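Contents: one structure, followed by commentary.
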Amino acid sequence: MNAKEFLIELLKFKSVTPNDDGALNFIAMELSDFEAFFIEKEGIKNLLLTKKFKDEGEHLAFGGHVDVVPAGEGWSSDAFVPMEKESFIYARGAQDMKSGVAAFVDALKNADFKGARLSLILTSDEEGEAIYGTKAVLEWMQKRDMLPDYAVVAEPTCVKKIGDSIKIGRRGSINGKLLIRGKQGHVAYPEKCINPVHDFAPVLKLLAGFDLDPGSAEFSPSKIVVTDIRGGIEVCNVTPNDLKLMFNVRNSPDTSLEDVKSYVEKICHGLNYELELKQSSEAFLTNIDNKIVQKMNESVQKITHEVPELNTKGGTSDARYFAKYGVKVVEFGVCNDRIHAIDERVSIEEFEKLCLVFKDLIENF
């Protein structure tokens, strides 16, 4: 089957995280000349497809996920019955990221590779906790001395048109929970209470929206963003016993969890508080002079006639795991205007160009 036919079939699998619904088997059969390893951990299914061309040379891998978020209500048609309409294909996962997976498969089938090894790493747990997916496969590969030198993840990176953006890194994510302790009491006797809201009010302006670093050419500043704040028992005559606040920092490599901890401790000095911090993902950056960045940039410009912005914008992705294992990684895919949305769709023209970009990358790597 051709690339579009394969994509349409792939979109029919109801592969809501963490269930692959048979999609991984379907892909393995399409690339039957690749060696297949089904790697399962804690009930999460993953697939490594790999093909050796020669003993010496570079190992190029492609990474992605077949799982999708739930469709929800309000779709114009069944989210798992792909509908082609006005040059678009509508279905859950059309942009995020089954179009990328299908483009990988098409390129791996048809491109002439001059390196040592090609691999495709797929998981059914990227939209969930993402602990036992790509990370588990890379761990498995490391133990067998099979880690790739370079990788491409086909997350939908483009904004307005195919070719306008390549991700060369990602910010990390630090989650924070702050508890300010007080003493509950009658509102008419504030002198007998310790009101944590009053105590924390001057501190809030030092926390909310604060930039922990000035940013750089590649990264925006690491900003503290308050996501939730609450205290009291929803009555007007009782002061709160405590104040709970949650925040997130999308951090660049210039700001660490320890930096966040030090700053919060400094501004909360004198308060009775508890602080909990967790790094849910780490920042990474692939140098713009690295081969994978240069070659991807060349292929994108050649096929799309666009000059892509090399950036680190957006949330986290499984590309961070490749970086953690020392693999030089970039991300490139279709536009992301309908990801996780009702009536998710992908432009057929964008998809066809994506197939050509990946094919060109393989052949000129």
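Even glycines carry a Cβ here, placed using N, Cα and C.
Here the structure is a predicted model, which means the values were calculated and not measured.
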Swiss-Prot annotation, Zn(2+) 1 site containing H65, D96 - matching residue among E9, E139, E155: E155
For the Zn(2+) 1 site built from H65, D96, E155, further residues of that chain with CB within 8 A of the site's CB center: G64, M97, G100, E126, E127, V153, A154, P156, S317, G333, I339
Reduced DSSP assignment, H65 (Zn(2+) 1 binding site): strand
Set of same-chain residues at least 6 away whose C-beta sits under 8 angstroms from D67 (active site): S15, V16, T17, P18, N19, D20, T123, S124, D125, E126, E127, G128
Spatial neighbours of H340 (Zn(2+) 2 binding site) among the binding-site residues H65, D96, E155 [C-alpha, 10 Å]: D96
Lowest local Cβ density (other Cβ within 10 Å) among binding-site residues: H65, H340: H340
